[in-house]
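*Asks:* Pasting in a structure now, in structure tokens, and then I'll have a few things to ask.
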């Protein structure tokens, strides 16, 4: 009772000194109104359902990133990233080889887009021929030959872009567990073997084209298409594929000689979980930007996706 009375007397004295109001010795933290949210919430971080979904997707994709990765690989990747992003100037030969490879990769990307539209036209042509044969009673009489040429040309024109994007199927369960230096050498050896096979395919393709031009060969369809036309398109795709491999070989050899094994591993190694995660996050960001006008996109979402 004595302690309670002393407390009441203290509060009455404080009330008398402050004019009837009691001051809290430890006031509550006021909410930060800059972001319209809770206390300590950063500016612009609005409560957006899309932002929450993007954050959950980012956490779910990045959770398995560190599984199965050796500490030495992490250190090598960090050192390579610091060399590239820290403004270190590349040697002139390596810089020229990288520009050559990027130029061929850009041209190969255009060829891959054309190959994709070629597949769409092929599907439309087959659909039209089937519908016309079933309902209208006529056919083009050249569906098999023309679509075969289109498919062969589309495959050949997409080879270089597939290699540049490291999208070829490979079995690398054992290779990824090797030391970085040895793994980089194996990447280069496999690329050289692929280069030899691609050169053989290019030689065979252009030998076939030369023979078709010599004999003025045509196909057996009603259209009588000169075989040199589809064979030339097919051979050109294989030739660009060889040029892409040659540019990669040049840059890889220079990187290995200059002691940049980490860059060679990123250039020729299989796609990692980090690459897949970055591509998935980029696709989410592109979908979000296409779903709403740029002015309405919350800045917190862009920061969370680019983090």
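Backbone N, Cα and C atoms are what each Cβ position is placed from, and that goes for glycine too.
Just lifted these from TrEMBL, have a look:
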{"type": "COMPBIAS", "residues": "1-11", "note": "compositional bias 'Basic and acidic residues'"}
{"type": "COMPBIAS", "residues": "26-36", "note": "compositional bias 'Basic and acidic residues'"}
{"type": "DOMAIN", "residues": "123-251", "note": "domain 'Tripartite ATP-independent periplasmic transporters DctQ component'"}
{"type": "REGION", "residues": "1-53", "note": "region 'Disordered'"}
{"type": "REGION", "residues": "288-307", "note": "region 'Disordered'"}
{"type": "TRANSMEM", "residues": "104-126", "note": "transmembrane segment"}
{"type": "TRANSMEM", "residues": "146-164", "note": "transmembrane segment"}
{"type": "TRANSMEM", "residues": "185-209", "note": "transmembrane segment"}
{"type": "TRANSMEM", "residues": "233-258", "note": "transmembrane segment"}
*Asks:* In the domain 'Tripartite ATP-independent periplasmic transporters DctQ component' (123-251), how many residues does DSSP call helix, how many strand, and how many coil?
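*Replies:* Secondary-structure composition of the domain 'Tripartite ATP-independent periplasmic transporters DctQ component' (123-251): 99 helix, 2 strand, 28 coil.
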*Asks:* Do you know the mean pLDDT across the domain 'Tripartite ATP-independent periplasmic transporters DctQ component' (123-251)?
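*Replies:* Mean model confidence (pLDDT) across the domain 'Tripartite ATP-independent periplasmic transporters DctQ component' (123-251) is 91.
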*Asks:* Six or more residues beyond either end and a Cβ under 8 Å away: which residues meet both conditions relative to the transmembrane segment (146-164)?
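*Replies:* Distal contacts: 101, 104-105, 108-109, 111-112, 114-116, 118-119, 121-122, 125-126, 140, 221, 223, 225, 230, 233-238, 240-241, 243-245, 248.
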